[in-house]
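**Student:** My structure is below; once you've seen it, I'll send some questions.
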């Protein structure tokens, strides 16, 4: 079941869903608008291969900065954070979707990481890309996406109880932590 506006506001007011900071004006009929934070991380162009199992390759040739805005260049991939910290209970999951007005500028909000598990707490790392032929400026604090909340049965092992929860309590835009997975059944 997808939560509607009054349910979203009620769940947040009662502390069942944590949104910090929370602005009631951002509650939409079937979602909650979320805003862009001020931390940005991106890869510099080069020919070095990124190997998801080699931590050092995940972090080389990266730049990061905090700022009130960021100009996303055509074709550029940039990680950004949400302004809001999101905390979910063990029976609510969320998906993040882009805002239509932002998409119409050529900005994709996430590549594939749009699912937020029950039990997650932290800022959400956005995997943004500019498919426009022109640079697009995005501002910290601007509504950039929306969270849709789904009520499920209580899960047996929510994200905050998983021993390998790599992104629990993350703050700032977070580079992939795929290197923390073990190689299994690889020939």
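Just so it is clear, glycine is given a Cβ too, placed from its N, Cα and C backbone atoms.
Pulled these from Swiss-Prot:
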- 99, 100, 101, 102, 103, 104, 117, 125, 126, 127, 146, 159, 166, 170: dCTP binding site (BINDING)
- 114, 115: site 'Important for bifunctional activity' (SITE)
- 127: active site, proton donor/acceptor (ACT_SITE)
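Describe each of these features in terms of where it is and what it packs against.
**Tutor:** Residue 103 (dCTP binding site) counts 14 other C-beta atoms within 10 Å of its own C-beta, drawing on all protein chains shown.
With a cut-off of 8 Å between CB atoms and residues at least 6 apart in sequence, the same chain places 93, 94, 95 near residue 115 (site 'Important for bifunctional activity'), listed in sequence order.
Other Cβ atoms within 10 Å of the Cβ of residue 127 (active site, proton donor/acceptor), summed over all protein chains shown, number 17.
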**Student:** Neighbour count, 10 Å Cβ-Cβ cut-off, for residue 114 (site 'Important for bifunctional activity'): what number do you get?
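**Tutor:** Residue 114 (site 'Important for bifunctional activity'): 18 neighbouring Cβ atoms within 10 Å.
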**Student:** Return the residues near residue 146 (dCTP binding site) by Cβ distance under 8 Å, restricted to its own chain and a separation of at least 6 in sequence.
**Tutor:** 28, 31, 32, 33, 34, 96, 97, 98, 99
**Student:** For residue 114 (site 'Important for bifunctional activity'), which of these recorded positions sit within 10 Å, Cα to Cα: 101, 103, 126, 127?
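**Tutor:** Checking each Cα against residue 114 (site 'Important for bifunctional activity'), the hits are 126, 127.
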**Student:** Taking the Cα atoms as reference points, how far is residue 103 (dCTP binding site) from residue 127 (active site, proton donor/acceptor) in Å?
**Tutor:** 13
**Student:** Using a 10 Å cut-off, grab the number of neighbouring Cβ atoms around the Cβ of residue 99 (dCTP binding site), all chains included.
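**Tutor:** A count of 19.
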